[in-house]
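Novice: For THR10, GLY11, GLY12, ASN124, SER195, ILE250, GLN295, the entry in Swiss-Prot reads UDP-N-acetyl-alpha-D-glucosamine binding site, with the evidence type sequence analysis.
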Amino acid sequence: MRLMISGGGTGGHIYPALALIDALKAHDPEAQVQFVGTHRGLESRIVPERGIDFKTIKIQGFKRSLSLQNVKTVYLFLKSVVTARKYIKAFKPDVVVGTGGYVSGAVVFAASQMHIPTVIHEQNSVVGVTNKFLSRFVDKIAISFESARSQFPAQKVVMTGNPRAQQVANIKKSGALAQFDLDPDIPTALIFGGSRGAARINAAAVAAIPELNKRDYQTLFVTGQVHYEKIRNGLSATALAPNVKIEPYIKNMPAILPEVAVILGRAGATSIAEITALGIPSILVPSPYVTNDHQTKNAQSLVNAGAAELIKEADLTGTSLVAALDGLLQSTTHRETMAANAKKLGMPDAADQLLHVLETVIK
């Protein structure tokens, strides 16, 4: 198979694409892949590091108000479609896949106009603007949440789950918590606001430290690089008991997930895919700063299934954080029930499912 894939801007668009590429290579080591992204997005660093053929397109998103910038955006979009057509003619893909982000709009649209099979993957429960636009042109639409189905043409939709789930589903316990001087036999809570950290989650966690120090469970608090120094400088040398550890960033987060009893964090699509694939109980604090409040919708899908609890960011304090963790970590039965419900929602073969969709559209 010759696969052209496009997505970018955030990890939520990039990691599903990389998971699909891994699955394709596992099935067909001779497969050829080209990734089209932007020169400024996260993909410009991550994708070439994997040894994947990488091309760039210059594009920007629409402003939500009337703006001269939107005139420039239309011009850049049309120009980027021309560039995408050149890449497509040179690479000759069997199928073109978009995983979200403005750049995928130009690439997938160009492919559809050239009568090349096209598929888009929507990671969230609320459909992104690019995928909404592309839905009328593509052959198939893969979704990760059932709640996204009604937002697309019904005959095109296939439920596959998020390919990222397959990458983490088979990870086993490896004693990874030992590197943080944590005991693998004691239940551990992970507090994590995403790769950049989340100020409100961090503030609540800092306020909770005096109580967390007293608990018989462990806490691993990951602040995000930009917040770490300020938080550490604000704590005295004796502020942390041995059962509470603070880290700026964890390079290989999937490796520690099987050893975590509870996660408190955001409700991004990648996080949801990981915690359901592994069946980890979670306390979700959706970001209120994302488009169409899609993280709340993502979280609600788990809450409705008894697989997670939800705390609005405005309601998150040190006290509410400790109460939520206590409720799960001091009740093995409650935790096991939630873990089982989370596991039921997981799709550990999501990348293979999406790969099958690609095979069906290739004429």
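One is the number of the first residue shown, and numbering goes on along the chain from there.
Using the three backbone atoms N, Cα and C, a Cβ is placed for every residue, glycine included.
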Novice: If H, G and I count as helix, E and B as strand, and all else as coil, what does DSSP give for GLN295 (UDP-N-acetyl-alpha-D-glucosamine binding site)?
Specialist: helix
Novice: Which residues does THR10 (UDP-N-acetyl-alpha-D-glucosamine binding site) neighbour through Cβ under 8 Å, counting only same-chain ones at least six apart?
Specialist: GLY41, LEU42, GLY101
Novice: Far apart in sequence but close in space: which same-chain residues, 6 or more away, have a Cβ under 8 Å from ILE250 (UDP-N-acetyl-alpha-D-glucosamine binding site)?
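Specialist: Residues satisfying the criterion: VAL222, ILE256.
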Novice: Would you work out the biggest C-alpha to C-alpha distance among THR10, GLY11, GLY12, ASN124, SER195, ILE250, GLN295, the residues that bind UDP-N-acetyl-alpha-D-glucosamine according to the record, and give it in angstrom as a whole number?
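Specialist: The two farthest binding residues have Cα atoms 24 Å apart.
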Novice: Which one, from the binding-site residues GLY11, GLY12, has the smallest tally of other C-beta atoms lying within 10 Å of its C-beta?
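Specialist: Each of the binding-site residues GLY11, GLY12 was scored by Cβ atoms within 10 Å; lowest is GLY11.
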Novice: ASN124, SER195, GLN295: which of these binding-site residues has the sparsest Cβ neighbourhood within 10 Å?
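Specialist: Ranked by other Cβ atoms within 10 Å, the binding-site residues ASN124, SER195, GLN295 bottom out at SER195.
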Novice: Using DSSP reduced to three states, classify ILE250 (UDP-N-acetyl-alpha-D-glucosamine binding site) as helix, strand or coil.
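Specialist: DSSP assigns ILE250 (UDP-N-acetyl-alpha-D-glucosamine binding site) to coil.
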